[in-house]
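First comes the structure, then the notes that go with it.
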Amino acid sequence: MIFLSLWAGLLSGLCWLLGDILLVGFEVDKESYDSFTEQSRIGNKKLAMLMLSGSVGRLRLGALVANFSIPLMLVSLYALFGLTNKGLWAYLSIALLGIGFALSPVAHVAFYYVGIISKKAYKRSGGQVCSDEDSELINEAVLFLDITWRTAIALTGLGWLVYSLLIVTGQTMLPAYLGLLSPLPLSLLTILLVEKLRIGRPYLNGAGLNIGFSLFYLLLLLHIGS
């Protein structure tokens, strides 16, 4: 069951990675869209421009492919818990991860709504300055995104931090070095490579956490399989 649970985690991670690529795998095209945001009341101008070049179908698929795979991510918690000593800190890490995973779909889908609202506002403006009414709507969507995304990321990140410490301190069946290859450090490394060395841009923009997530589950499968 642990093996199947890990496969569920890997499949979910890959679905979320694909979702990130489809939904936010763009570069901000200031040259084409700066006139839309520059003199507007839009707060987060970069985010408002980010998805303007993507088709609605692409953005929709990016939102849905991640959303519908979340049950698999929750199933993977069975394996993560089964590999621990089942102490208090193990329960805490799984609880944090479970809540973070459960909150992630609404945060991910919020990017879709920011994208399509911005696209509609851009079309209405004819490429000129966004109206105050549409700017307020975009700002509200971004606020909703910020609240849900930051909450989900904070809880998930804290959960992975606790789980990493469990591995490093020998409170799991896993070798200590895997604690340094958990989703948290792998995600930070991926973000560094994408942002600084521009590896995989623009497709991997915003995909750091799910790359780390997928790689970690792959490492666990390889370790258990050996």
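Keep in mind that glycine also has a Cβ here, set from the backbone N, Cα and C atoms.
Feature list (source: TrEMBL):
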type	residues	note
TRANSMEM	6-26	transmembrane segment
TRANSMEM	61-83	transmembrane segment
TRANSMEM	89-114	transmembrane segment
TRANSMEM	147-168	transmembrane segment
TRANSMEM	174-194	transmembrane segment
TRANSMEM	206-225	transmembrane segment
Long-range neighbours of the transmembrane segment (147-168), counting only residues six or more past its ends (CB under 8 A): 80, 84-85, 89-90, 92-101, 103-104, 106-108, 110-111, 174-176, 178-180, 182-185, 209
Listed stretch, out of 61-83, 89-114, 206-225, that has the most CB pairs under 8 angstroms to the transmembrane segment (174-194): 206-225
